[in-house]
Structure formats: C-alpha cells, structure tokens
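**Student:** In case it helps, TrEMBL gives these features for our protein:
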{"type": "REPEAT", "residues": "1-24", "note": "repeat 'WD'"}
{"type": "REPEAT", "residues": "34-66", "note": "repeat 'WD'"}
{"type": "REPEAT", "residues": "78-119", "note": "repeat 'WD'"}
{"type": "REPEAT", "residues": "123-154", "note": "repeat 'WD'"}
{"type": "REPEAT", "residues": "172-204", "note": "repeat 'WD'"}
{"type": "REPEAT", "residues": "277-317", "note": "repeat 'WD'"}
C-alpha cells in the first residue's frame, strides 16, 4: 500500500491491483483518512510492521491511524509543537516516533501499551525551521535537516538517558542553504542530503554510530543536474539507486560509478543515469522508492498528482 498526504487535509491510501483485468486500474484508492487535521498534512509514514500510519500537519498535531484489515481508525492525536509539524518518522523497531517543526524543535515519542504515546525528549539544537527527521534503518540514531543549512545527528546518552547531538554536518563541506531531505542507504553506512543550494551530498559513517565525535564524513557532492531547489531525495533499499525531485518539475536518478580509483579506496562518484523532464506540471516535492520492488518509484507534485513510475530493467542492471 501507498499513502499520500495533501493540502486538502486528507490522507489517501492506495493499493496495487494485481489483477490482469485491463479495465481495472493498477492502483486504486482504498481509504480516505480525514477529519483529524485542520490544515495541510505535510508528512505521512508507515510503521515498520504496517500497523500504524502517522501523519503530521501544519495544524501542529500528529495523528496516529491504526490499520485493522484495511479499516483505518485514529487511535491517538499528539500535541506539543507550537505550530507547523513538518515531518514524522518511525524507528526500525516501531517503538519510537520522531517529529519536527517550524518551532525549531525535534520531539521523540515512545509507544506505550494501549496505543498511548509519551514524549520522552524535546531536542533544541537547530536555529531555524526543522524540515525533516529520519531514523537510521538499523540503529536508534536520529538525523534532522533544517532551514539553518545544517544536518544534526542525535543519539541517546545511555548514562543519563538524555538525547544529545552527537554531530552537526555544517562545516566547510556542508550545504550552503536549506537542507530539505535526507535518506539512508540500505546498510545505514551512507546518507544522502539535498538542498536549496541545488546539490546532493553523500556522507559516510566509518565509526560506531552510538559514540560521540565525528561520526560522518563528507564523501562527495553531486551538482549541476537540477536548476531549482531539490526538495526530495530517496535512496533505494532494493537497487541502490538515488532518486531526486525538484522545483524544476524534474526527476533525476543517480547511481554510484565504480572505477579504478573508487576500487582502490578513493572517494566514490555518482552519475546521473536517467532523467525525466516535466515529470509533474509544477514542483516535484516528494520521491519514494518501493522498499522491495526495485523498479517502482512514486512521486508527488504541487500539481496535486501522485505518479507511479516503472524504471526499465536495463537501468537497474
């Protein structure tokens, strides 16, 4: 199933139809979730087991919807942010939820028995609007991206049980404008970020993710492929390809280029292998790969349309 959210204050759940009946659409809307948010819903995210769908809204609230055999019921509404909530994300075990917002804060919530959620930490480290939060795919390590041009890495201090900023990625290799989105590769050893500065940056972690210090180092910068703000980037867990969506209405796909220098331990390079001009009639603000099916990519635009793309098999190999 695929979930999409919108400025119309609704979430729509789409399901793939495997029937070969040519008169049936490949994807159909099976549920419309409404009535809980009063303003734009900016972010939605499935829990790892697919039981819950979390939605974050500009009305300052987060709603938790439970999926019971295809029927969705709102089981919790989380309040605390002062204003617009921009992003929501689940950790790999589905026990922790993180949110961020225009109030410059990051909140961490813990799932309790009875579908209750308790705020266990409020993180103040960014000086501007926090655009996105994302959990590491294997560890309880949280990354946040902000309008202050920085990326922060948060870990829990096991001695104090407080969450602390272990590293800020904003040095000479960092972005020079708003960081909109971050995405991990399948292993969690690499991170890609995209920005208003029209670049992608690839970061690598060689050390223990749960220790303080310089956990991540800059590997390379990819630039020259978008003419306007890159709003979204997503690293495919199935194929290793990176997709981007931007304010130039285009989608680009990149792959790591393996050459003699990278084989010998040099910094990697990434090349564009596919481009789709006018993918939407206006800004492409989200791209997301299917977690298992390597060829499927979803995109959403300010034109109010969700599109499903199938990447040719020769591109994947």
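Glycine residues also receive a Cβ, built from the backbone N, Cα and C atoms like all the rest.
The model shown is predicted, which means the values in this text are computed figures rather than measured ones.
For the listed features, I'd like the structural context: burial, neighbours, distances.
**Tutor:** Listed by sequence, the residues of this chain that lie at least six past the ends of the repeat 'WD' (34-66) yet keep a Cβ under 8 A from its Cβ atoms are 1, 3-7, 9-11, 13, 72-79, 81-90, 92-94, 97, 99, 101, 109, 115, 117.
Within the chain carrying the repeat 'WD' (78-119), a Cβ under 8 angstroms from the stretch's Cβ atoms is held by residues 39, 42-49, 51-52, 54-64, 66, 125-140, 142, 144, 146, 154, 163, all 6 or more beyond its ends.
Averaged across the repeat 'WD' (123-154), the predicted model reaches a pLDDT of 98.
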**Student:** With DSSP as the reference, give the number of residues of the repeat 'WD' (172-204) in helix, strand and coil.
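**Tutor:** With helix first, then strand, then coil, the repeat 'WD' (172-204) has 0 helix, 18 strand, 15 coil.
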**Student:** In the repeat 'WD' (34-66), how many residues does DSSP put in helix, strand and coil?
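**Tutor:** The breakdown for the repeat 'WD' (34-66) reads 0 helix, 18 strand, 15 coil.
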**Student:** How about long-range neighbours of the repeat 'WD' (172-204): same chain, 6 or more residues beyond its ends, C-beta under 8 Å?
**Tutor:** 131-132, 134, 136-139, 143, 145-147, 149-151, 216-223, 226-235, 237-238, 240, 242, 244, 254, 268, 270
